[in-house]
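The ATP binding site annotation in Swiss-Prot covers Gly38, Pro39, Asn40, Gly41, Ala42, Gly43, Lys44, Ser45. Taken from Swiss-Prot, the feature domain 'ABC transporter' covers 6-236, and the record attributes it to sequence analysis.
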Amino acid sequence: MSKVAIDLAGVKKSFGDKLVVNGLSFTVASGECFGLLGPNGAGKSTIARMLLGMTVPDAGKITVLGEPVGARSRLARKSIGVVPQFDNLDQEFTVRENLLVFGRYFGMSTRKIKEVIPSLLEFARLESKADARVGELSGGMKRRLTLARALINDPQLLVMDEPTTGLDPHARHLIWERLRFLLARGKTIILTTHFMEEAERLCDRLCVLEHGRKLAEGSPHALIEEHIGCQVIEIFGGNPQELVSLIRPYVQRVEVSGETLFCYTADPEQVRVQLRGRAGLRLLERPPSLEDVFLRLTGREMEK
């Protein structure tokens with residue numbers, strides 16, 4: 001059995017009258033990427049802060065890298081790299097200086113930090129920007145620098161809160177490629193995200209959250225098979241209620257979201273036959289995704 005990097009058992013957290021994390025339990029094995037997937041307000045960032053000992057749970061137990069959070073979280077933090085949701089780089093320092101200053105927080109000698117900086121710059125693809133001030137960098141470059149900074153102490157575990165929020169598609173894909181590089185070298189990653197594609201591409205397993213409660217847990221493929229398991233046809237245009245009556249006999253399930261119909265079927269051609277000749281309709285046929293799982297679990301309006 002894989003060594004456990006993170007273990008949560010029955011964790012609860014409230015702020016005032018608001019229950020933010022509701023009896024959450026999960027484990028993360030060493031060397032895997034585990035995702036916390038949920039909308040804003042699902043409790044993802046609070047969970048990340050509790051893992052780091054920055055927020056104290058009201059109930060339950062958290063163990064990180066074999067150390068109980070709270071009593072010995074400072075010891076575990078020495079082997080953890082953190083990528084916060086919003087970059088907190090020193091804008092007046094250069095790229096190189098940001099890495100140098102951050103390394104000192106871990107008690108590293110200046111000589112040691114200078115030894116590792118070139119490899120971190122290469123990893124982040126910032127070699128040509130080493131002496132540029134942070135304020136001169138693009139959003140994607142800043143994010144890669146924040147990731148490189150989190151690796152200054154060669155951590156066993158990376159805790160990443162919404163790592164690609166605000167990035168354009170090219171910058172996002174570059175971050176994903178760098179994270180896959182780290183996973184291939186045995187790092188453990190726990191990340192919070194609301195990007196379905198990010199979770200599907202990176203995560204070995206994930207936990208779907210809503211209002212601090214776990215709705216499902218498993219690999220992306222297993223969750224898709226369990227909760228969807230067939231082709232999806234999105235239908236735009238027309239009267240949704242009229243279309244539901246027409247196609248219901250030919251689908252396993254049909255859901256309505258606004259003016260869009262989501263049909264789940266093993267026989268897409270039958271659906272197309274029934275809708276043939278109807279003006280004003282647009283159809284999109286695609287394989288199921290985590291977004292379908294997420295929307296089903298968290299409450300898209302469902303046609304009974």
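In case you wondered, yes, glycine gets a Cβ from its N, Cα and C as well.
Locations of recorded Swiss-Prot features on the structure.
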residue: Gly38; record: ATP binding site; Cβ contacts under 8 Å, 6 or more apart: Lys44, Thr192, His194, Val208, Leu209, Glu210, Thr298
residue: Pro39; record: ATP binding site; Cβ contacts under 8 Å, 6 or more apart: His194, Glu210, Thr298
residue: Asn40; record: ATP binding site; Cβ contacts under 8 Å, 6 or more apart: His194
residue: Gly41; record: ATP binding site; Cβ contacts under 8 Å, 6 or more apart: His211
residue: Ala42; record: ATP binding site; Cβ contacts under 8 Å, 6 or more apart: Leu36, Leu209, Glu210, His211, Gly212
residue: Gly43; record: ATP binding site; Cβ contacts under 8 Å, 6 or more apart: Lys13, Val20, Val21, Asn22, Leu24, Leu209, His211, Gly212
residue: Ser45; record: ATP binding site; Cβ contacts under 8 Å, 6 or more apart: Gln85, Asp161, Glu162, Thr192
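A 10 Å cutoff on Cβ-Cβ distances gives Lys44 (ATP binding site) a total of 26 other Cβ atoms nearby, all chains included. Confidence annotation: the domain 'ABC transporter' (6-236) carries a mean pLDDT of 93 in the model.
DSSP assigns Ser45 (ATP binding site) to a helix in the three-state reduction. Apart from the site residues Gly38, Pro39, Asn40, Gly41, Ala42, Gly43, Lys44, Ser45, the chain places the Cβ of Thr192, His194, Leu209, Gly212 no farther than 8 Å from the centroid of the site's Cβ atoms, the recorded ATP location.
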